[in-house]
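Listed features, source TrEMBL:
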type: DOMAIN; residues: B:97-326; note: domain 'ABC transmembrane type-1'
type: TRANSMEM; residues: B:12-32; note: transmembrane segment
type: TRANSMEM; residues: B:99-120; note: transmembrane segment
type: TRANSMEM; residues: B:147-164; note: transmembrane segment
type: TRANSMEM; residues: B:203-222; note: transmembrane segment
type: TRANSMEM; residues: B:257-283; note: transmembrane segment
type: TRANSMEM; residues: B:303-329; note: transmembrane segment
Amino acid sequence: MRDGRGTIKRKAGLKLWLSGGWLAVVAVLTLFAGWISPHDPLTQDLFASRLPPFWAAGAEPGYLLGTDSLGRDVLSRIIYGGRVALTVAIIAGLATAIVGSVLGLIAGYYRGWADAVISRLVDIWMAFPPVLFAILLIAVLGTGLWSIVIAIIVIDWTRFCRVVRAETMNQSQMDYVASAVVAGHVRSAILWREIGPNVLPTIVALLSLEMGIAVIVEAILSFVNLSISTDAPTWGGMIAEGRISIHQAWWVLVCPLIVLFLTVLAFSQFGEGLKDRFDPVLR
Amino acid sequence: MRLLQTLLMRLAMMAITLFGAAVIVFVVIRVVPGNPIAMMLPPGASDEDIARLTAHYGLDKSIPEQFFVWLGGVLHGDFGTSISLRQPVMPLVLGRLPATLELSIFALVLAVIIGGAMALTGTRFRGGRTEAVIDVANGAGLSIPDFLWALVLILTLGVLYPVFHISGRISPSLDLPFTTQFYVFESILRLRFDLWWDLLKHMFMPALALAIPLAAIIGQLLKQSLKETMHLDYVVLARTKGYGENHVILFDALRNAVLPTLTLIGVQFTFLIGGTVIIERLFSYEGLGNMAIDAVINRDLPLIQGIVLVFALLFTVVNLVVDLTYALLNPRLRHA
C-alpha cells in the first residue's frame with residue numbers, strides 16, 4: 001500500500017540524524033572545550049586583532065575563524081560560548097518541562113477544581129506577552145544564569161502545561177487506564193506509572209523545542225548585556241560586538257550567528273523529527 | 001444591541017486586566033533587592049541626602065500607600081520621574097510610543113501582504129511544486145525567530161548589498177520639520193516624500209524581521225482554511241456557474257476563510273509588538289522597546305513601570321479592536 005508513510009518516516013529519520021548530529025558536535029565541543037579550543041577565549045592580543053578567517057587573504061594559520069577587535073580567537077569564543085548556551089538550554093529546558101508537565105498531568109487527569117485553577121492560570125499567563133514578563137523579571141532578579149533560567153520557567157511553563165494536559169486527557173480515555181482502574185490501582189499510581197510514560201514522548205519532543213527557545217533567549221539577553229557576567233564569552237555577546245564592527249570585521253558577527261542559527265534550527269527540527277517518529281499513525 | 005453589550009463587557013474586562021497589570025507591575029518592582037536611591041547618588045552621600053531623596057520619590061511610605069499614591073498619579077497621567085534620565089516618565093514614554101507604533105503597524109501590513117500572498121498562491125496551485133515551496137518557506141519562517149531574521153537581514157541587505165539603513169529611525173543629516181512623533185504619517189501629510197523614503201529605508205528591515213514569523217503563521221492558517229472552504233457546496237456552485245479559479249478563491253472562498261486568521265492575527269500582533277523590544281535594540285531604532293532595555297540595564301523602576309503599563313494598554317486595545325472587528329464581520333454575531 002502506498003500512502004506516503006514510508007516517505008514521511010524516511011524524512012523524519014533524516015531530520016533526526018542531521019539535527020541530532022549537529023547537536024552532538026556542539027555538545028562534544030563545549031564539553032571538552034578546555035582540550036579542543038585552540039586558544040584561551042579571553043586572552044587579548046592587540047597585535048593580532050581583526051584577523052580574517054582561514055579562507056580569506058591575510059589570515060593567520062593559528063586562528064581558524066579569525067580574531068575580534070581585541071585579538072581574541074573567534075573559534076575559541078564560540079566553543080566557550082556554547083557552554084553557556086547549552087547549560088541554559090539543558091537546565092531551563094528540563095526545569096520548564098518538569099514544572100509545566102506536572103501541572104499538565106494533574107490538570108488533565110484529576111480534572112475538577114485542580115483543572116479549573118490550573119487552566120485559568122494558563123489563560124491569564126498567556127494574556128501577558130512574554131517579552132514584558134522577561135523585562136520585568138530580569139529587572140527584578142538582576143542578571144545571571146539563574147535569572148535567565150527562572151525567567152524561562154516562569155514564561156514558558158504554559159507551553160508544556162497546555163499540551164500535556166490535552167494529551168493526558170486523551171490517554172485517560174484509553175482502555176489500559178480503565179483496566180488499571182479495574183485492577184484496583186490507586187489513582188496517583190495510575191497517573192505516574194501508566195499515563196506518565198505514555199505522555200513522555202510528547203514531553204520529550206516539546207523539550208527539544210524548548211531548548212531551542214532557551215538558546216535564543218540566552219542569546220538575546222546576552223546580546224543586550226543582561227545575561228551572565230560580561231567577561232564570559234556568549235554567542236549573543238559576540239553578536240553584539242560583531243554588530244558594532246560589522247564593516248571592519250564581518251566574521252565576528254557571521255561565525256557565531258551561523259552556529260546559533262544551526263543550533264536553534266537543530267533543536268526545533270529534532271523536536272519535529274521526534275514528534276513524527278512518535279506519531280502513532282506513522283508507527 | 002448585542003454588539004453594544006459586547007463592547008461594554010469588553011471595556012469592563014479591559015479595565016480589570018489593566019488594574020491587574022498595574023498591581024502585578026507594582027508588586028514585582030517593589031520586591032527588587034537593592035536600593036535605587038543609593039544608585040542615584042554619588043558615593044559618600046550623607047544619610048540626610050538619602051532620606052531627602054527617598055522622601056522625594058515617596059519610597060518612605062508603606063507599600064499599599066505607595067501603590068495608591070502611584071495609581072492616583074497614573075490615572076492623572078503622572079507616572080513619576082525617571083531615575084536615570086531625571087525627567088517625568090509620561091512625556092518620555094509618549095515621545096517614544098509613536099515610533100514603536102509606526103514600526104509595528106508597518107510590520108503588520110507587511111506580514112498580512114506576504115502571508116496573504118503565500119496563502120492565495122498556495123491555494124491556487126495546490127498539490128503542486130509551488131505549494132511545496134511555500135510550505136517549506138512557511139516552515140522556515142515559523143522555526144526561526146525574528147531576532148535571527150533581523151541579523152540575517154542586516155548582513156544581507158545592510159552590509160553585503162547595502163540597500164537599506166541598518167541603524168536609527170531617520171538619517172541624522174536631514175533637518176526635521178516634524179511637530180509630532182509620527183514621522184511617517186506626518187511626512188506624507190507634509191508631502192515631504194524625500195523624508196518619507198528615508199524613514200522607510202530605515203524601517204524596512206526591522207519591520208520585515210518582525211513580519212516574517214507572523215507572515216508564516218498567516219500563510220499557513222489561511223491556506224488551510226482556504227483549502228477547507230474550497231470543498232464547500234457554495235464554492236462548488238460558484239465554480240459550476242462558470243467562474244474561474246482565481247475568481248472563486250478571491251471572491252467566494254476568501255471571505256469565509258479569513259475569519260479564523262483574523263482572530264489569530266490579533267493575538268499574534270501583540271507578540272509582534274513585544275518583539276519590537278529586541279528588534280529596536282538591534283537596529284538602534286529609537287522606540288519604546290529600546291528605551292525599555294536601557295531602563296532595565298539602569299534599573300530605572302519608574303520608567304520600567306511606565307513602559308510596561310503602556311505596553312499592557314496597547315495589548316488590551318489591540319485585543320479589543322480584534323474582538324470588535326470579529327463581531328462586525330461575523331454575521332452570526334452581527335445579527336444575533
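Residue positions begin at 1 at the first shown residue.
Cβ coordinates come from backbone N, Cα and C, glycine included.
The model shown is predicted, which means the values in this text are computed figures rather than measured ones.
Of the Cβ pairs linking the transmembrane segment (B:147-164) with the transmembrane segment (B:203-222) and spaced 6 or more residues apart, 3 or more are under 8 Å, so the two regions touch. Annotation: stretch B:257-283 has the most Cβ pairs under 8 Å to the transmembrane segment (B:303-329), among B:99-120, B:203-222, B:257-283. Only residues 6 or more beyond the boundaries of the transmembrane segment (B:203-222), in the same chain, are considered here, and those with a CB under 8 A from a CB of the stretch are 102-104, 106-108, 110-112, 114-116, 118-120, 122, 134, 137-142, 144-147, 149-150, 153-154, 157-158, 164-166, 169, 184, 257-258, 260-261, 264-265, 268-269, 271-272, 275-276, 279-280, 282-283, 285.
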